[in-house]
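Novice: This is the structure I want to talk about, given as structure tokens.
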Amino acid sequence: MPGEITYGRKRPLPACPNPLFLKWLTEWRDSAAEKNLKTQFVYQKAISSLKKYPLPLNSGKEAKILQNFGDSICKMLDDRLEKHYAECGPNIPIHTVPSSSSTLRKAQRQPKAPSPLSIPHALEPPEQESQDLSPSKKKKTGGKKQREYVPQRRSGGYAVLLTLYRDTKSPSSRGYMTKAELQKEAQPLCDKSFTLTDPNSKYTAWTSVSTLIQKELVIKTHSPARYSLTEKGLELAQRLEEAEDQGRADGFPRQVQASSNEEEEQEEAESETNPYIHADPVQCPDQQLNLAYSHNAKNTSSDPPSVQYNHVPEFTLHPGDFNILLCVDFIETTGGAAHRKQELVTELRRNGVNFDVRKLHIGDFLWIAQEKVQPVPGQLRIPQARELVLDYVVERKRMDDLCGSIIDGRFREQKFRLKRCGLRRPIYLVEDHGSAQHLSIPETTLQQAIVNTQVVDGFFIKRTKDVRESAAYLTIMTRYLQGIYSRKSLLSCTKEEEWKCDRSLRPDASSCILVEFKDFNEGAMKNKAQTVKEVFARQLMQISGVSGEKAAAILEKYSTPASLMSAYESCSSAEEKEKLLSSVKCGKLQRNLGPVLSKTISQLYCTKEPLS
């Protein structure tokens, strides 16, 4: 007899350690919303960012390290905090909401009984909380009828349903499958790995199983877990199998009409597995999406790039024909105190690590697969070994260096360049160096910067206490990567091809695609020659309020300054010039650029006399 059915439950969100700042931001957002001002969205983004961070803030200035906190909001918080101290006294705690507000809030919430359908939220007005369902829930359930959930073809949910269905038809079926069995059998039916995460994401194809359980298509019983189909899941899986068989007969894959896709599975998986990421039921949920994870959602389609693009490698390194080599940036061995710089190299040699010191244009450490070459009779020089770069790059930061890089802006720029370099496993190696209490930035702010890098940017963070421990970590990583890649055939690709190829590393695959090291290192050069479009983008981003997304939206319409100037010249009046860019759609939510920024840009490019 199967045991009791257990369904996945959402983890409780941690309480915000800065409720006073959250309260003030919420008041400002609501006030802006009443006046129909667009600043409400700015406050909403700041609220979302603040709620994701587990550390307390002592001033608005400290909040500047958070995403979506600019000079204006930080100054407003400091001014409001000063007023709060003047009203309540200098010793009043700021990490709790004042009792008067608390009592009022409690009185307003008194009629509401706890219900599993409603989730308390700091941003929900009291009158909305007194209802059983939130407005967003009503919109979903009211009006048109919901369509049946059908997983996308070759997604994690699709593969799991088909695998369980085929198991039920097997004469040796036990009526259930374990997690390991299910992952192994379902992998050939899925384009994503069931065990390894996608680039810049924390989720695997296995996370879709929680969606299947919630939709009552799969049941999970016992411990260790056993998975089997429900009647509803059996019926859906049978239809998927029939569509698959029909597609094979027709010579092309056929897809059952689906009302859902992998984005829905990803959103539900995020809310279950990440306690810091959740959808806001009051304001637009899309604002809550983390930029670090948005790449996968944008590229979701029924077929992955690897199916559409037939990659032909320039060369292939077969198992036994290459060595895994750690590359160390020469900056890590020169400059500063000689004994300190050489200590890392000494420790690596002591640990028996095969490494090479060279100029790296990005990161401090990375790993390559270097071809084994033999001397050719009659030639004086050994042929040059071909090299492929692995998907791991390490940026090493001592606490004092982290402090300096935050102050001069290098920290944000380095993270931006690491995201764009093409290597999908960026690692920040944070090394303690004495006491952080005497640095020019508070220790709590440095800790927030580290959390920010992991939670918002999606980088892996490794903390070490000294150089010796850092060398030990690099040694372990080198051994680990040697074990992974040494048994695989490595196919080369160029920098231009890397986004077209399926470069995911699957444990059961016999080969993987890697970028040539020479192309990668040249492409990562900081001061390489730039195109007119790149310089134009940098120029636009110097204007206050123009973010990378907004600059990219302008470049889609006007790729060069000449094309923008030509558009301005075709305008019949100064007012038309000022409004030329106001309707340009920006970002994931496709909001207008707005008349204020449009006017500022037009003044910059259309004013002939000196700007003052």
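Our numbering is plain: 1 for the first residue shown, then up by one each step along the chain.
The backbone N, Cα and C atoms fix where each Cβ goes, and this holds for glycine too.
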Novice: Pick the one from Asp364, Asp432, Asp457, Asp466 that Swiss-Prot also lists for the Mg(2+) 1 site with Asp329, Glu332, Glu395.
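Specialist: Swiss-Prot lists Asp329, Glu332, Glu395 binding Mg(2+) 1, and from Asp364, Asp432, Asp457, Asp466 it also lists Asp364.
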Novice: Which of the recorded positions Asp364, Glu395, Arg396 has its Cα nearest to the Cα of Asp329 (active site)?
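Specialist: Result for Asp329 (active site): the nearest of the recorded positions is Asp364.
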Novice: Let's check the environment of Glu332 (active site): how many other CB atoms sit within 10 Å of its CB?
Specialist: 16
Novice: Cβ distance under 8 Å to Glu395 (Mg(2+) 1 binding site), same chain, sequence separation 6 or more: which residues?
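Specialist: Residues satisfying the criterion: Gly363, Asp364, Gln414, Leu418, Pro426, Ile427, Tyr428, Leu429.
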Novice: Near Arg396 (Mg(2+) 2 binding site), which residues of its chain come within a Cβ-Cβ distance under 8 Å, counting only those 6 or more away in sequence?
Specialist: Glu332, Asp364, Phe365, Leu429, Glu431, Ser470
